[in-house]
Every structure is written in structure tokens, then in C-alpha cells.
Amino acid sequence: MPALTYLLLAAIGASTVHSLPSQQSCNAPVTPSSFSSTSLDVVIVGGGTAGLVLASRLSESKKLQVGVIEGGYDRTNDPLIDVPNAANALGYQGAVFGNSTYDWEYTSVPQRGLGGRVLSYPSGKVLGGSSAINGLTIQRGSREDYDAWGNAFGNGPEWTFDALLPYFKRYERWHAPTLSATGDLNSDGLSAVHGTDGRISISYNNFFTGVDIPLTQAGIALGLGPTQNPDGGDDSLFPNFGASHSLDPATGNRSYAANGYYGQTERCRSNLHLLTGAVVTRIIWDKKKATKAVGVEYAVGNDKFTVKASKEVVLSAGSLRSPQILELSGVGNKTLLESLNIPVVVDIPQLGENLQEQFIAGTDFLVRDGVVTLDALGNNATFLAEQQNLYRTNKTGAFTYLSNVNAPTPIRSLVTEDQYKTMRAALDTYLASQTLTPLQIVQYNLVKQFLDGGKVATSSLLVVASGGLVSTPAAGQGYISVVSSPAHPLSRGNVHINTTDPLAYPLIDSAFLTNPWDAQATINVMKFVRRWVAKSDIIESPGTPPQAADEWSDDQWIAYLQSVLGTAHHPVGTAAMASQKLGGVVDPRFKVYGLKNVRIVDASVFPMHIGVAPSSTTYMLAEKAADAIKKDLNAY
């Protein structure tokens with residue numbers, strides 16, 4: 001555990017544990033055996049971001065007996081999850097990532113675009129899934145991103161921004177911002193597009209570090225904002241109020257699927273049954289109707305059990321696990337299944353393909369003396385004591401702080417017009433040399449429209465107000481780490497099984513930088529970052545890479561990118577919601593093509609990345625899926 005994270009927990013951990021109310025089930029404890037004998041209508045595989053939304057909403061109907069199987073355990077009220085700077089660990093390295101109690105600890109296959117590097121793939125191994133360990137960022141993509149779901153991918157008008165907005169608002173309990181980078185606190189536009197009665201709290205920082213206003217104003221001076229309403233369909237440029245997060249301002253704690261959708265009400269429902277610590281190994285099919293699911297098999301340690309589902313099985317195991325479960329059950333690419341001697345139930349060649357993952361590439365900078373960053377929590381005892389007191393008494397201050405400067409930006413705004421024309425011509429040449437799937441043709445045409453239009457965010461800038469992301473910070477110094485990433489990466493990977501062992505992890509190939517656009521675009525963004533932060537007048541000097549990088553060639557920048565690139569932990573797309581002629585896996589009502597009663601409800605159904613962190617969109621689609629399932633089962 002990093003020293004600073006340990007310091008944070010030592011400062012606030014005990015008080016946090018004892019101050020939080022515990023939640024108790026009103027029902028008898030659920031055991032693997034008792035769950036197996038329960039009569040269920042719907043079995044939800046995965047108690048994560050989407051799965052718990054479904055569990056809560058479906059069990060509102062007394063017509064349904066709902067079961068949830070989650071591989072992790074219930075860790076609500078755990079300070080490593082609840083306190084932002086403990087779980088988030090000041091820049092993506094910390095107490096929950098790489099900790100097998102909280103993280104499945106997936107890894108990629110060696111990445112051919114990164115010289116064979118193997119990357120970690122954190123994924124939440126607790127009730128609430130990755131909503132329990134993510135960076136708490138709440139963002140919506142652009143109107144164009146969601147309109148494409150409905151129009152370009154053949155899902156119809158119910159999958160456009162205006163049609164989806166009510167489902168975004170349904171999950172939200174929005175709190176107006178209290179700070180602004182420009183002094184303008186008019187949030188009427190935001191208020192109009194957010195809900196206030198939902199389950200997940202959304203709020204803004206109540207504390208700014210010494211870098212937030214200068215860096216935002218430097219971006220504005222370069223023509224990149226401000227935007228007053230990034231959630232109304234135009235998500236690009238520097239937001240005036242900073243990034244919004246799933247943080248409850250009343251408690252100073254993370255708001256996530258487990259404490260938002262599995263509270264005391266759900267725990268006391270007699271028609272909602274939750275089993276934790278169990279891994280689903282396969283779907284069980286009707287012997288007479290091979291495409292009809294009648295239940296699932298699950299493992300607890302070395303023991304296996306089955307449970308029946310009289311109506312539906314819903315996979316909410318995430319972009320990396322939902323395809324694995326289907327393949328183990330005989331659904332997927334026929335060639336792969338036959339090579340493993342798995343009887344084929346339905347041949348779906350594109351299941352597990354279309355993996356899209358945003359990556360992060362960091363650069364860090366030493367700030368000038370007197371500029372406060374989160375490094376001061378470890379460097380300045382007076383500042384630490386002040387922030388401890390603020391958190392203990394008001395649940396405010398640095399312990400609730402999350403990255404504030406988060407600017408999805410059109411890359412055309414960050415490079416010269418000549419640079420852009422050269423990049424675009426190279427992209428066209430590369431794509432013309434490739435054999436593309438029908439889905440990829442639609443995706444790449446959309447991204448080219450986004451790029452040329454110069455409005456939709458196609459790159460992303462994120463400031464971590466501390467050092468340590470790229471290199472080890474010097475003692476007593478303050479730093480910032482700036483993350484550059486493609487909002488709509490063009491490299492396409494996949495996730496598949498290579499064994500019939502259901503407890504083995506799938507092979508995850510993100511295929512980072514296999515499309516040259518991703519590398520060229522990112523190094524140009526990193527070059528822009530150096531110009532941008534220098535304009536803010538808070539930087540003493542570049543850290544990593546050093547000042548000499550200003551004279552680097554593109555090849556040197558690409559070598560640096562290959563050495564520092566990491567996953568953003570935003571995998572989507574491996575069971576795309578799209579028409580069958582495009583190679584889609586699920587239909588607009590989340591049903592798997594060719595199967596009678598199996599749905600997928602998680603980020604794997606995104607047909608294309610929406611350019612921002614996927615958690616908000618995942619909550620939204622789960623709310624929408626709950627309505628679809630209730631209607632189809634006549635369970636209102």
C-alpha cells in the first residue's frame with residue numbers, strides 16, 4: 001500500500017468505519033444451498049454497476065422473484081471504498097487496485113503495440129462491481145454519440161440522446177456546484193438536464209487545489225471553453241465547474257451501486273435474493289429447446305450448484321466476463337467453440353470482438369513553491385491536520401477531492417490545421433489498407449465525422465493534482481500529473497476463452513496502438529499539454545518526460561508513449577447492441593440474438609465508445625433495461 005494512502009486511512013479510517021450506519025438484511029442469510037433451492041423468475045449474473053440497478057428495479061414488482069449472483073462480497077461501509085482519496089489513491093495506484101480482496105486483477109495478453117508489455121486490468125470484485133473502485137467520474141458523452149446508437153447502429157429512435165435523457169435523470173441525485181473556475185455559479189443549464197430524486201449522488205468538488213483554477217483558465221485562454229453545461233449533449237472543452245463525481249456531499253463518501261441500489265429497502269424485500277462469493281460458470285439450457293435458458297450453474301470454492309430461472313437470465317458481468325460466460329455456455333464464434341469441444345448453441349461470430357478501451361498516457365510537472373497540490377497531505381503536517389479536521393467535522397476538503405480538470409476536447413482544437421490534415425490523410429490511407437467488419441465501417445465513418453466536425457470530443461485531458469502517476473515524486477515537492485487519452489480510440493481488441501475451465505480468466509487483448517491514429521493523436525495531445533500547462537504560470541519545470549522532450553522526434557514520443565501507456569479501465573463493446581447485419585450481439589431490448597430469454601445489460605453492449613467514463617451511461621442503460629424487462633414480462 002503506498003505510504004500516502006496509508007496516511008490517509010490512518011487519519012480518517014477508524015472514524016469513518018464507526019460513523020457509518022450498518023445495513024442489515026431482514027431475511028435469513030443466503031447460502032449457496034439455500035439459493036439453489038429458491039424459486040426464481042429472473043437470475044441476474046453480476047451484482048455490479050448494472051446488475052444492482054436491475055435487482056432493485058425488478059424487485060419493485062411483486063410479480064417477480066429476483067436472484068443475483070455476485071462473485072465478490074458485500075463491503076459497504078468500507079473506508080477503502082468510501083473515502084475518495086483512499087480508493088482512488090491519488091492517481092490510479094493504491095489500496096484497492098491490485099488488492100485481491102477488491103480487484104479481480106485481470107491482465108492483458110502481451111500487447112504487440114507496446115513491445116510485449118502486459119497491462120493490469122482492475123475490475124471490481126465486490127458488491128457494486130467497478131462502481132466501488134473506479135475514479136468516481138460521472139460524465140455523459142455528446143448528443144452525437146448517443147444519436148449514433150439509435151441511428152447508425154440500427155437501434156431505433158428510443159436510443160437517441162433525447163430519448164435516453166429521462167433514464168440518465170432517473171438514477172441521479174444531483175447537487176449543484178458551489179465553486180467555479182471563472183466565478184460564474186449559474187448552473188441553471190445543468191439543473192435542467194439532471195435528476196434530483198435518484199439513487200446515485202452526483203456532486204462537484206467543494207475544495208480546489210492550487211492548480212484547478214489556473215489550469216482551467218489557461219485552457220479557456222487557448223479557446224477551449226468554458227462550457228457551462230457539459231451534460232446537455234455538448235460534453236467538450238473545459239467545464240466551468242470542473243468534473244462531476246459520484247460523491248455524496250452529506251457524507252463525503254462514494255455513492256455507488258451497492259449503497260445506492262442495495263440499501264435497507266432492497267435488503268428487506270422477500271422477493272430479492274442475493275448470493276455473494278459465487279462465480280457463475282455457465283448457463284443451463286432447456287433440453288427440448290436448446291436456445292432457452294432455464295437456469296445457471298455457479299461455483300463456490302470447489303463446489304458447484306445450480307439454480308433455476310423460470311423466465312430470464314440476465315448477464316451483467318461486465319465487458320470482460322459476460323462474453324466468457326456465453327462462450328462457456330456454447331454461444332459465440334463457432335470455430336472457437338468447436339476448437340474447445342464446447343457444443344454450439346448459437347453461432348455469434350462477433351461476440352467478444354469489438355473491445356474498445358480508452359488508455360491513459362501521463363506526463364508530470366513540478367509546480368512552483370506555494371502551489372497547493374494533494375502532495376501537501378504527505379509533505380505538510382499543518383495542511384494535513386486542517387484537512388483531517390475538515391473531513392471529520394464537515395465531510396469536506398482534500399479528502400473528498402477528485403480530479404477537477406477533466407476536459408474531453410476535439411483534437412482538431414489542439415493541433416494546427418496542417419497537422420490535422422496530415423493525420424487525417426494518414427488515417428484514411430491506413431483504413432483503406434485494412435479489411436473491416438461492417439460494424440467497424442460504421443464506427444470509423446462516425447469517428448471521421450466527429451473529427452472533421454471539430455465539435456465532438458475526440459481526445460481527453462485529465463489533471464491529477466499530485467505526483468506519482470508517471471515517476472516517483474521527490475520528497476517535499478508538489479506535482480501534477482496530466483493524463484492524455486483518445487476519447488474514441490480506433491484500435492479494436494477482443495476478449496475470449498482459451499479453456500473450458502470456468503474459473504480461468506479470459507484472454508484480454510486490448511490491441512493498444514494497433515491503429516496508428518491512436519499513437520499519433522496521443523503524442524500530439526501530449527505536446528499540447530506542455531504548451532497548455534506552461535501558460536498557467538504554476539509550473540516550475542517538466543518532470544517526466546524532461547524539458548529536453550520539447551525537441552523530441554515523433555518516434556521518440558511514441559517510444560515514450562509505449563513505455564507509460566496504461567488502461568483507463570473503461571472497456572466496452574464486446575457484445576455490441578447493433579443490427580444483425582452489422583454483426584450485433586444484442587437487440588435494442590438487450591436480448592442476445594438467437595436466444596429466447598437471455599439478455600446482456602452492462603457496458604459490453606455499447607456499440608461504440610461514448611468518449612467519456614462509462615459509469616454514467618451504464619447506470620442509464622440499466623434503468624432502461626429494467627423498464628424493458630418489466631414490460632416484456634408483464635411485471636409492472
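Even glycines carry a Cβ here, placed using N, Cα and C.
What Swiss-Prot records for 1-19 is signal peptide. Feature annotation from Swiss-Prot assigns FAD binding site to THR49, ALA50, GLU70, GLY71, TRP104, ASN134, GLY135, LEU136, THR137, VAL280, ALA603, PRO614, SER615. What Swiss-Prot lists as N-linked glycosylation site is ASN99, ASN253, ASN333, ASN380, ASN394, ASN498, and the listing cites sequence analysis. The feature active site, proton acceptor is assigned by Swiss-Prot to HIS570.
Feature annotations (Swiss-Prot) mapped to structure.
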{"residue": "THR49", "record": "FAD binding site", "Cβ contacts under 8 Å, 6 or more apart": "GLY128, GLY129, SER130, SER131, TYR256, ALA257, ASP602, ALA603, SER615, THR618, TYR619, ALA622"}
{"residue": "GLU70", "record": "FAD binding site", "Cβ contacts under 8 Å, 6 or more apart": "GLY46, GLY47, GLY48, GLY51, LEU127, LEU274, LEU275, THR276, GLY277, ALA278"}
{"residue": "ASN99", "record": "N-linked glycosylation site", "Cβ contacts under 8 Å, 6 or more apart": "none"}
{"residue": "THR137", "record": "FAD binding site", "Cβ contacts under 8 Å, 6 or more apart": "ALA243, SER244, HIS245, LEU402, SER403, ASN406, VAL612, ALA613, SER615"}
{"residue": "ASN380", "record": "N-linked glycosylation site", "Cβ contacts under 8 Å, 6 or more apart": "none"}
{"residue": "ASN394", "record": "N-linked glycosylation site", "Cβ contacts under 8 Å, 6 or more apart": "none"}
{"residue": "HIS570", "record": "active site, proton acceptor", "Cβ contacts under 8 Å, 6 or more apart": "GLU357, GLN358, HIS609, ALA613, PRO614"}
FAD binding residues THR49, ALA50, GLU70, GLY71, TRP104, ASN134, GLY135, LEU136, THR137, VAL280, ALA603, PRO614, SER615: largest Cα-Cα distance, in Å and rounded to whole number: 29
Cβ-Cβ neighbours of ALA603 (FAD binding site) (radius 10 Å): 29
Protein Cβ atoms within 10 Å of TRP104 (FAD binding site), excluding its own: 19
Nearest recorded site to ASN253 (N-linked glycosylation site) by CA-CA distance, among recorded positions TRP104, GLY135, ASN333, ASN498: GLY135
Fewest other Cβ within 10 angstroms of its own Cβ, chosen from the recorded positions ASN253, ASN333, ASN498, SER615: ASN498
Using Cα positions only, nearest of the recorded positions to ASN333 (N-linked glycosylation site) (TRP104, GLY135, ASN498): ASN498
Cβ neighbours of GLY135 (FAD binding site) where a neighbour is any other Cβ within 10 Å: 22
GLU70 (FAD binding site) in three-state DSSP notation: strand
